[in-house]
Amino acid sequence: MIFPREFLLIVVYLSFLLPQGHCVKYIWLNFVRGYYFLHKLSKEKTRLQFKIHGINIKLSGKNLILPWEDVYMCGIVGYCGPKKVVPVILEGLRRLEYRGYDSAGLVYLQDGKIVKHRANGKLSCLEDVVGDDLVAPSHLGLGHTRWATHGAPTMENAHPHSDCTGELVLVHNGIIENYHSLREELRAKGHVFTSETDTEVLAHLIEEYLEQDAHGVDVLVRAIKEALARVEGSYALGVMWAKAPETLIAVRNQSPLVLGIGEEKGMFLASDTPALLPYTRKVIFLDDMEIAVLTADDYQIASLVSGEPVDKEITFIDWSASMAEKGGYKHFMLKEIFEQPQAITNTVAGRINLESGKANLPNLGFSDEQLRDIDRIFLVACGTSWHAAMVAKYWLEKYAKIPVQVDIASEFRYRHLLIDERVLTICISQSGETADTLAGIRRAKKMGSKILTICNVVGSTMTREADGVIYTHAGPEIGVASTKAFTAQLSALLLFTVFLGQKRKQLSLEKSLQLGRALVGVATVIEEILPSLQKKIASLIDDYYDSRDFLFIGRGLSFPIALEGALKLKEISYIHAEGYASGELKHGPIALIDRDMPILALVPDDDVYQKSISNVEEIKARQGRLILIGSEGDSQLANISDDVIYLPRVDDDVNPILYTIPAQLLSYEIATRRGCDVDQPRNLAKSVTVE
């Protein structure tokens, strides 16, 4: 098949736009009316088609989506060449700070010995530890920034990790799924572990296959191949061995890795292109199951399976570092809106069986008896997380058959609470450090309540103080206005609803399977519609961007999304916006409606559709300017609105996730049209850690 000449450029852009090859999805590229569209292929067809650096959704033998939660968070940098290695490593890691991390480390070879530095916290902490070694006369090294997934964010768990001899060191992005069994096997053979990570298992496993008293790169490569043949999961690896003193090894499987070719001499290694841009624009993207041997003068790439050499094309990158950090997007917020399909997928990963419908939350921390004994649930949160809690109330009462109360944390912590040991308090926070929410859970815990935290940050205060945790694997969220963290929270809350409904014997496996497949399916739908949806919304905003006020309305599950849409708009555009339940219009807000008031109404074809349409008709009769967001095929919407945005039909219970997306994009497009700083709105902070 012949593609247009722009094809290579599009492939390169995809490594950023989809974003950064965070796994690999099989996709088909169609050129239609000037735009490239990506369509996932069926599982059976994937072997017949080609791969592009993109996003992978892979099914395991048990038909569980595998959790690649690590790939967004960690950063890898490596170098061998004439430059002093420590400054190169630190600068590369600095270029990857935007990805988020909680610890950092580096390692280099000097006079035949391995020198390793690690620190908990920011890169400045690592620089303090490095001290005078900044100018060490070393020319071979690796660095890593870590976002904790296996083990707390401590210095002991920070990369690089070593084998028992301390002569072999490596850094790793990804998830080793069978690390528990490998760890126990290696312990039985006498290996001593110093961390809680899955990564350290790789170092000891490679050590197990190294020939005693042997040395050289061939020995190392052979040991790596034999070790990785036993590993299940995803990995991007950088490996050094004191007995192969002029060589770095890079290996990729389901986690991105890119090589950089020095302008004059030297080779670079990174998990993300921005780390390479100060030194080179010539890069090679490794594909899955490829291994690269790097020296200061040369590189060799081969198949990890067959050992056959692989001829790779060199790509020239002409983007700035800031563009690359944002994945080619103009703002972090837009990048994070487009990352939502992967955030949802990662949050669902491994937690519901798509054949049986059985939910699995292994780190929940509660026995079945404790879950059955709960007679009330309090959902406590602030801001966007509070809106997620409001959606969850509908789900939990419907499917787990349990009374639920939703509280704003700043109110919950001060009011008279009727709480005892049969109450479950669920606290929702992106950061796990929100002051009011933290104070609320401490108070509830003192009164005997069980505590469950839904959070995006491993090892945060809330996760440490809770009895159980559900992590949302959304990856670091840089933009102040929450986007992917919100839809990941909704995904986690629906998963918990299914899990609790099953444990309380209120929800059948058949219905659970329907909900699980709907949750997985909505991620696919969002991914497919995002490019065209953004274009559609961008074409509308000239009529709305200069509005002084905005009203968002919705019924049932759409009501919290109306609140969230209004919050997003006021946060980043500084337009006064309010969200209301549609049925509340006649109790006050209808007095505001005239031809100057834009109203965005969420009207999916659900069980309250006719009521929602009646409210829309009331607005139309008063000359309100209507934007309707509704279901494909609903022809009457165009007749009663100024503008209509159609969305694919999905299961009613996942409509809140889908209908969030156009509200986010509308806020983003209006704010950028007004010249606002969408990533750092005035007066706002990402994490509110004071009362």
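Glycine is treated like the rest: Cβ placed from N, Cα and C.
These features come from TrEMBL:
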DOMAIN    74-297  domain 'Glutamine amidotransferase type-2'
ACT_SITE  Cys74  active site, nucleophile
DOMAIN    367-506  domain 'SIS'
DOMAIN    540-681  domain 'SIS'
ACT_SITE  Lys686  active site, for Fru-6P isomerization activity
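Other Cβ atoms within 10 Å of the Cβ of Cys74 (active site, nucleophile) number 27 in total over all chains. For the domain 'SIS' (367-506), the DSSP-based tally of helix, strand and coil residues reads 64 helix, 28 strand, 48 coil. Within the domain 'SIS' (540-681), the DSSP-based counts of helix, strand and coil residues read 68 helix, 30 strand, 44 coil.
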